[in-house]
Amino acid sequence: MNKKNREVTSSWFTNLRDLVCAEFEKIEEEYAKAKGLKPGKFVRSSWERDGGGGGVMSVMKGKVFEKVGVNISTVFGEFSKAFRAEIPGAELDGKFFATGISLVAHLKSPLIPAMHFNTRYIETSKNWFGGGGDLTPFYPEEDETAKFHAAFKEACDKYDSGYYPKFKKQCDEYFYLKHRKEPRGVGGIFYDYLNSGNFEQDFSFTQDVGKALLSVYPEIVRNKLFLPWTDEQKEYQLIRRGRYVEFNLLYDRGTKFGLMTDGNVEAILMSLPPEVKWA
């Protein structure tokens with residue numbers, strides 16, 4: 001395992017966490033000031049993993065963001081024998097290192113899309129990057145969806161013209177609820193096991209994916225910050241959030257990885273919305 005690679009990736013994920021939290025708090029402040037309200041602030045709590053490593057949860061429950069969580073973690077140790085066969089390169093001795101950031105935003109307004117994003121770096125006897133971002137609007141708009149996709153396409157095209165179509169397809173396939181035969185949202189990009197043989201290039205790409213999110217999602221939120229919405233629209237949002245919960249508990253790799261490596265349960269389930277309904 002490469003100590004330098006572990007340090008620079010972990011440092012970047014911490015830096016990205018700080019940038020995201022600062023921008024989301026700024027949005028809270030803009031809205032609260034206009035409405036004469038007290039803005040929400042992120043509350044941080046750290047946790048340690050018995051087998052090695054730990055992380056920091058940052059959660060804000062505000063006036064714009066009903067619940068937004070930004071997690072960073074760096075964990076290491078050995079996979080259980082039952083889990084080794086599922087992770088590339090872990091079948092030899094089970095040793096692993098994983099560092100990353102994961103964030104999920106659930107907005108009060110049903111007109112503003114929910115958003116999920118994560119990027120990570122993992123080492124076993126092999127090493128790779130993974131991650132992506134996806135948008136879940138309750139009332140989809142073509143222009144908004146196109147803008148979200150364009151930001152990630154621009155990041156992808158800097159490195160390989162084949163990245164965006166490949167990663168978009170993987171996102172569409174991954175965020176699909178098989179039991180309901182419907183997509184979770186309008187997609188984005190999703191990549192995993194990325195190792196081109198050039199660590200610096202793959203790391204730079206992963207950084208640009210994070211920067212792409214910062215360039216587009218705050219703008220999407222601000223565009224609808226002051227739009228009025230109805231009780232009926234809120235009710236529909238709560239029902240559609242059920243799909244989000246179903247996916248995360250049934251299919252999400254990150255949820256499974258966290259639970260199988262004895263991660264912090266509250267951090268793992270942070271992605272779940274604070275309020276949800278089933279019809």
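From the backbone N, Cα and C atoms, a Cβ is placed for every residue, glycine too.
Lifted from Swiss-Prot, the feature list:
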- Ser102, Asn118, Thr119, Arg120: substrate binding site (BINDING)
- His106, His116, His149, His179: divalent metal cation binding site (BINDING)
- His116: active site, proton donor (ACT_SITE)
- His179: site 'Important for dimerization' (SITE)
- 244-279: region 'Important for dimerization' (REGION)
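Feature map: annotations from Swiss-Prot on the structure.
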| residue | record | DSSP class |
| --- | --- | --- |
| Ser102 | substrate binding site | strand |
| His116 | divalent metal cation binding site | strand |
| His149 | divalent metal cation binding site | helix |
| His179 | divalent metal cation binding site | coil |
Sparsest-packed among the binding-site residues, when each Cβ's other Cβ atoms within 10 Å are tallied, from His116, His149, His179: His179
Least surrounded among the binding-site residues, given as His106, Arg120, when other CB atoms within 10 Å are counted: Arg120
For Ser102 (substrate binding site), the number of other Cβ atoms found within 10 Å of its own Cβ: 24
Cα-Cα distance linking Ser102 (substrate binding site) and His116 (divalent metal cation binding site), given in Å to the nearest integer: 8
Residues Ser102, Asn118, Thr119, Arg120 binding substrate per the record - widest CA separation, whole Å: 8
Rounded distance in angstrom between the Cα atoms of Ser102 (substrate binding site) and His149 (divalent metal cation binding site): 19
Those binding-site residues listed as Asn118, Thr119, and which of them has the most Cβ atoms within 10 Å of its own Cβ: Thr119
C-alpha spacing of His149 (divalent metal cation binding site) relative to Arg120 (substrate binding site), in angstrom: 20
Residue pair His149 (divalent metal cation binding site), Thr119 (substrate binding site) - Cα distance, angstrom, rounded: 17
The region 'Important for dimerization' (244-279), counted residue by residue under DSSP: helix, strand, coil: 22 helix, 0 strand, 14 coil
Rounded Cα-Cα span from Asn118 (substrate binding site) to His179 (divalent metal cation binding site), Å: 24
CB-centroid shell, 8 A cutoff, substrate site Ser102, Asn118, Thr119, Arg120, site residues removed: Phe13, Gly100, Ile101, Phe117, Gly130, Gly131, Gly254
Alpha-carbon spacing, His106 (divalent metal cation binding site) to Asn118 (substrate binding site), which is rounded to whole Å: 15
